[in-house]
Structure formats: structure tokens, C-alpha cells
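Pulled from TrEMBL:
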- 32-352: domain 'Acyltransferase 3' (DOMAIN)
- 431-676: domain 'SGNH' (DOMAIN)
- 35-51: transmembrane segment (TRANSMEM)
- 57-77: transmembrane segment (TRANSMEM)
- 98-117: transmembrane segment (TRANSMEM)
- 158-180: transmembrane segment (TRANSMEM)
- 187-207: transmembrane segment (TRANSMEM)
- 269-292: transmembrane segment (TRANSMEM)
- 336-355: transmembrane segment (TRANSMEM)
- 367-388: transmembrane segment (TRANSMEM)
Amino acid sequence: MRIREFLKNNADMTTVVYEKNAVTNSLLYRPDIDGLRAVAVLAVVAFHAFPSLLPGGFVGVDIFFVISGFLITNILLSEMQAGRFSIARFYVRRIRRIFPALALVLIFTYALGWFSLFKGEYRQLGKHIAAGAGFVANLAFWNEAGYFDNTADTKPLLHLWSLGVEEQFYIIWPLLLLLACRLRANLIGWMVAGLFVSFCGNVLLVAHHPAAAFFSPLSRFWELLVGALLAQWNRTQFPSDGATANRMSLVGAALCVLAMFGLNKDVDFPGWWALLPSVGAALLIAGGDIGFTNRRVLSNPLMVWVGKISYPLYLWHWPLLSFATILAGQTPEPHVRVALVEISVLLAWLTYVVVEKPVRFGAHHPAKLVVPCILLVAMGYVGGMTYARDGLGFRKGYSLTADVNSATLGAGHESVNPECGVPVADQHLFQFCAKDRREPPRAIVWGDSKADALYWGLVRESESGQRWSLIARTSCAPMSDFVRISSYAKDDPEQCAQANRVAMKTITGDRDADLVVLVTAARVLVGQEYAKAETRTVDQSGALDGLDDTVTALQQAGKKVAIVMDNPTLPDPRECMDRKLMGFPVVRELLSASGAGSAASKCSIPYAAYLASTLEYRALIAKLRAMHPDVLIFDPSTVLCDTQKGVCSITRNGKYLYSYGDHISDTANGLIADQVLAELHGTHQREPQQ
């Protein structure tokens, strides 16, 4: 059956939106829909710039989804009815609409990142640029939630997730409509079924897998299908009387306003809450251009103008706000954010006039299609290359005191294999697992992420006959007979206990290893509740008893035991660096940071203050030492801090001593490893500071 015949057989459902256009098969321009676009983009911009003023402004994206589903479906059905639908022509229009402005913003973001971001950050930006160019940014951000993920405010392309969802819909939707035609299916039935499945998936995911519910196209398509269903359902019977149109328009506006002011980032979104902006937008569109809100507010010339530049405005505003946050090291001052929004509007207007309109409208020319495609493919390649080359670390940041690229961890990977002797079925319990492949290791480092941070120094500094293995789990102290009851750093206490049982069995059964070094963060021991594994009753001295039992079990298995204490806690090194752009006084002045000195110089702490803040932890280690006088104990603060000057600095000799959070860098783990290896091989053991 031909498409035109199929559509005629669905008479009342598939005629064009407005009866007066049925003869020409053209779609009447709706200025109020451009006004609704303005509402959506202004809500998003306001939320990003001033979240406390419009806490639910993020629902502007949901309004965009409904608008997109409505307009795209109208275009598809109109062309199908006229018998002139072409998949190729549809995608060409999408390319000319979406690619030019996106390519421009990606180029700008990459260039600004070159002068603003450190190696790890630039590597991540490269991945996001590649994902944005491939319209899969939503999938990239979905998979990033984790232990080392940085905050949303420092991801300049985070907003491209919604563009990914829309483009994925645009790829699938025309093909599904064509399939429906060939199967002679009921279009409304198809749409309702798809909407129902997608919405249910969204509701089921939002409570237990919020990232999936937010970023997955399958849990977001229902919002576009709301618009599609609106376009399909009885398209000639939009309200013609003012009273009905006014009611729909006012109720729709009320729902959108309620969502923008009543919701906030703490609600389980999308879920059921997403019905507010989605239904609200649908009612506003259904009210037609005669509805009160549509006629009086949305059709206002200023709103229409903002709606026309809404796409480039959406693209520009977030990179500017995000880079300002990155450069300033904090949320910019209100007047700076206002200025950035104004600049975003200016850039959006210039993009619309200079880039969008010439490409979309006017005479057709192959370059209008080819050039945007080449630029976007090129940016995808450049982004992927930047990610693959580890953020192009040869770029130097701005620092008066140290090399910013020294704040790294993991040098020595080429000497190890990513396995540590635990059974394959238990490998998932350990985020950090390694074994020196040069010769059988004689020593094992067991602990948490602090153990991983130290391990690489031991690998690099050790000589033949001194090789090392690593068995470690994040936020999990090495205790086999005691269980942490309190949950720390979102770690599952039960999995921690299981991991420790596996680790103890693996270590005691390793005949090659005669030395075990225990390393764990002080915060995992102090302030946490521990219980005996068999009884699960809280033990007030559980941390000490747990370490005591572990040391005893290892010694009974013939292992020599050493403990490397936790390192001093300093700020995250990323907060102790200056961005390259901050070397320009004009940038510092614009960001209200003209009086700021070197970031690294502000990140040192008094040695006495460090000792005072760790009294309880040091007392615990002292008690353990008294119980096991033959256990070797190493105090990293004697290496990392200048005890004579009484200061613990984040840098030394132009190198950063920390890599991420309060974890030491390769510079620091090399210094500590030298001390540990020297003291293990005969020199006297230093007493930990009390």
C-alpha cells in the first residue's frame, strides 16, 4: 500500500495540523511555539546560572522534547500525506539544522579547554567532544557516575546529553513511521504503546538507577512521543473556540510554572514528576495560537525572537558558565554569571544570523551540507584522539611553583599484570589488583585506595627479589575477622567483608610472599563502627581489634607484617593549581579573582595542626604497636612534611605530592617507597609522631 493511501485510510488522524492548510499540505507557522521554545531555554539558562531562583528550571529540556516530537512528527506526516516523503531529505534537513552551530561550539570548547584544563580534565573533554559529535553524549555521561567522577559544574558539554536523546529519536522515528505504513498499523496505537513502555521504564528505573532513567533514550522517548501523539491525534480538531483554547493554554502554563518552581534537583527525576512539564507543554501546544497564554505571552515578539535563537543559546550558555566555574575554582559571582548569560545571548544571535540562517535557508549548495559534516566528523576525531592520548599532557598549565602534570598516579603499569592471585569469580570485589610480572613477588600490599596510591612507588623503586603484588578495595580496611557495620563512601560493608575474607585466604596461601604491608585511610578506621564477623555486635574497639586479629593471622601464617600509616590530608590538587588562562590579568579581573595568589601556596597546612587532627588515629596505631612490637610501622608525614619548618606542603621541588583527593602522587609514593624499602632492609625504624 502506498503511503498516501495509508494516510487517507487513517482520515481523521493524519491530515495536517490545521484544516486551512490541508489544500497546500503545508504547515502553518506557529509563533507561539517559538515562544514556548523561549520559555524552555530561558528556564534551563536560569537554572544553570541561578539555580536557587528557579530550582526546577531543568524541566525546560522536557518541554523541548515535547516540542521536538510534535514538530518532527507533523513534518513527517505532512510529507507522507503529500506523497513526497524522503528519508534522505529528512536527514539532510536535520544536518543543516543541527550540525553547523554544534560544530562551532565544539571547536570553541576544545580551544578554550586547551588553555584551561589539566591533562585528566582535557582527556575527559576529548571524550565528551567525541560523544557530542556522535550524538551519544547521553550514553557517555550515563556511564561516568563513579568513584573518580568530577562534579557536573565542571563538565562544559554536559548539556549535550539532551541533544543525543533527540537525535537518537530522529534516527529511529521516521523508520518506525514507514514501518507502520507498510504494516497498515494504527499509528495512535503504536504511539500509545511506545509511550507507555518508555514511561514505565522511566518510572521503574528512577528509584534504583537514576542515572539510567535520566540519560537513557528508552526512558526519555516517551516525552517526544507525547508531542508525536499530539501531532497525530485528530489533527484537524484543535480547539477552534476561544474558551477551550484558553483553558488548555492556562492549565498548560500553570503545570509548567509549577514544575519550574516546585521541583528541584533532589526529587527523583524524571519519574512521575516529568509529567508536569510534558503535559503542560502538550496542553500549551494543543491550545493553538488562539489560547490566552499563547496569544498574550508566547507570541510576544521578544519571546519569538528568543525562541528563534534558542538552539544556539542552549549550546553556548553552559560551556561559558562551566569554564568560568573551572577557572575561578568556585561558582562565579552573580554579576559574572549575569555577564556570561548576556554574552551567551549575543553569541547565540550571531550564530543564528551568521551560521544557522545562511546554511538552512536560501539557495541550496553542496557546501552547506558537506562542510558541517566534515567539521563535525573532524571534531569527533580530534576529541577521540585527545582522549586516547591521555589529554595531551605536553600542554603546561599555569603555575608559579610546580608542574601541574606531576599530579598523577600510576607510573609503573608496564611492569605489572592486572591480576593478584584471587579467584576469577572474586575479582570483581577488588578495584585495585596487580602483580609484578618481572618475577614472582615476595611482598603484598593489602588495603584500600591508599594502598593503590603507595603501590606504584614500590613497584618502581624495588629491585630484583623485592617484587610486589597489590590487593585492595576502595574504602575497605584490611580486616578478616571484623566487619564494618557503618556504610562509608557508599561502599557495601558486606562486600568489603567478603573481599577481606578472600584477600586473607589468598595472602596466607601465597608461599612466595613473606611480607605483607597494610595500608588504609585513617577515616576508614576512626569514626566507623566495627563488629566481630560471627556475632555482628558492635565492638567499641572494633577497629583496633580488627587490625590486631589481622596482624596475628598473618604472623601465624609466617608473614612479616608492616604498616604504612595514612598520609596527611591536604586539599584536592586540582584546587591547588592555577589555570593557564588565569595567567592573564584581564581574565582574573573578569572572574573577580584579581587578588588571588598562587593556588599551590594556599594549600599547605601546619604540621602541628596535622598532628592535632589525627590524635585519635595515632593513638590507635600506638596501641597496635604495643600489642605487636615486631610490626614495622612507617609514618609518611616524616617524608611529606617539613618537620623543621613545621609545614606540610602540596608541592616539593616543583612537583605535586598529591594526585586526586588526598591520595599521594607518583612523586610522593616514590619518596615514601624509598623510606619503606630502606627500613625494611636493615636501617632503623623511625618512631611515628605522637
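Counting begins at 1 with the first residue displayed.
Just so you know, glycine gets a Cβ as well, placed from its N, Cα and C.
Nobody curates TrEMBL annotations by hand; they come from automatic prediction.
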Would you confirm whether the transmembrane segment (57-77) and the transmembrane segment (35-51) meet the contact rule of 3 or more C-beta pairs below 8 angstroms, pairs 6 or more apart in sequence?
-> yes
Can you tell me the mean pLDDT for the domain 'SGNH' (431-676)?
-> 88
Relative to the transmembrane segment (187-207), which of 98-117, 158-180, 367-388 accounts for the most Cβ pairs at distances under 8 Å?
-> 158-180
In the same chain, residues at least 6 away from the ends of the transmembrane segment (98-117) whose Cβ sits under 8 Å of its Cβ atoms read 125-126, 129, 132-133, 156-157, 163, 167, 311-312, 315-316, 319, 323, 326-327, 351, 355-356, 359, 372-373, 375-376, 379, 382-383, 386, 391, 395, 579-581
